[in-house]
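To start, the structure under review is shown below, and the notes come after it.
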Amino acid sequence: MSNIKDIVSKFQFNRILSNDTRTKLVYVLGQIDGQDCIISFEKTQYDATNIPNLTSTVNSNTMNDVVENNIYGWCMAHLESKEPDTRIKTIYPATDVHIAKYEAQSRVILVETPELYESITLPYIKSIPEKRTAWVHNILHGSAEADRVIFHDCDPENGFVILPDMKWDGRDETLYWVAISMRSDILSLRSLSSQHLKFLKKLRETSYRLVKEKAGLSPSQLRLFIHYQPSYYHFHVHITAVAFSDAPGVVSGQAHLLDTVINNIELYPDYYQKATIPFVIGENHQLASGFTKK
């Protein structure tokens, strides 16, 4: 079942995975036909074209919790707007990995030496079923999301696809794209070496050019970074606007700037095979349990 309307209509609620009051984003777990399903609901920002008319959409009969003090006043109310105000995303069927990823949990920082990568992280990566990244291959081969693709270079060595990340709300100031490599042998940051410099630089320059053409943002207004650990082990680069200061995943211990990665490899071709890399991860993640046993 891939029809989002069917998924939403058949969803049977089980429990709340997380509810972020700051970002107005909630993840809920449920089931459809005996299989786990995750649905997220996120309040969207106001459309700039509708802001001048917001007061006319306020239903005064719904005002409650009214407080008035001198020149100040506030209340809760319902806006009678026909514009969609909630972004809905579904994962079905959802795996235990998905559930652990979106469930509220404490975060820990782990220090990964090259030896720990070889003994714990790499075996974990190799144990992940290929079907987990089937959606990536669908994009790369044009069988899914083809209408969303901004750029597609099919070169098997240095090619990549660029498309909007599903977290992007469409505004230039919160720009969030992703570039996905055509190669499947680059698993993560740890796989990168001097042989990938041409590819990385090509990706960087292409990203700069496309964002300038389509969003009017210059290279100095962009942040290109790589996650470690990534959410999926098929190499990809995140492309965000610097103005999007609280973009998901830009925190220290997770995001590695592409410029820094390129420079490190230019200085030491095998830098990422020899470096000790700290990373932040949820305490319920399988890697966390593997590291704490050492």
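Including glycine, each Cβ sits where the backbone N, Cα and C put it.
What TrEMBL annotates here:
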type	residues	note
BINDING	Trp135, Glu145, Asp165, Lys167, 227-238	substrate binding site
ACT_SITE	His236	active site, nucleophile
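The structure, with features from TrEMBL marked on it.
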residue	record	CB count, 10 Å
Trp135	substrate binding site	13
Asp165	substrate binding site	15
His227	substrate binding site	19
Gln229	substrate binding site	21
Ser231	substrate binding site	10
Tyr233	substrate binding site	22
Phe235	substrate binding site	25
His236	active site, nucleophile	23
Val237	substrate binding site	22
Between the residue listed as 'active site, nucleophile' and Asp165 (substrate binding site), what is the CA-CA distance rounded to a whole number of Å?
11
